[in-house]
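Here's what TrEMBL has on this protein:
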type     : residues : note
COMPBIAS : 31-45    : compositional bias 'Gly residues'
COMPBIAS : 46-56    : compositional bias 'Low complexity'
DOMAIN   : 53-145   : domain 'Rieske'
REGION   : 31-56    : region 'Disordered'
Amino acid sequence: MTESTPFVCGRRAALVAAGVVGVGTVAACSGGGSSGTASDSGGGSSSAAASGSAVGATTDVPVGGGTVFASHGVVVTQPESGTFKAFTDICTHQGGTISEVEDKVMVCPVHGSEFSITDGSVVQGPATEALPEKSITVKDGTITLA
């Protein structure tokens, strides 16, 4: 029977290995230059829609929910029947684009922030600021940016 000597890692080797793992972890979590900013992929320019432009029909916005009108840079919600609100589609956390409205919240897919369809307030972070409200008018079933 042959006796083997167990591998022993020296202090220096252990510290070097920990440093390499730490640098890799920080790099993976940093988000990089533009990957954390979904607005670079079209969301930022869409928020510059001209006032007076028709966004959509009131029938496009469900009661108790909302619809993302990405080409206009807005999310229009209908918290109660006949009450329409509009908010920017740009998340206040890191500029991601709100992608959907579900269960009475507007959702940013980048880090999971959720905002109330009633007033744009933060329901779940990491965002800490409400979505800014946009002015709209509703006439003859058409929603228009004011």
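Cβ atoms are placed via backbone N, Cα and C, with glycine included.
No curator has checked TrEMBL annotations; they are predicted automatically.
Source: prediction; values computed, not measured.
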Helix, strand and coil totals (DSSP H, G, I; E, B; other) for the domain 'Rieske' (53-145): 6 helix, 46 strand, 41 coil
PLDDT averaged over the residues of the domain 'Rieske' (53-145): 92
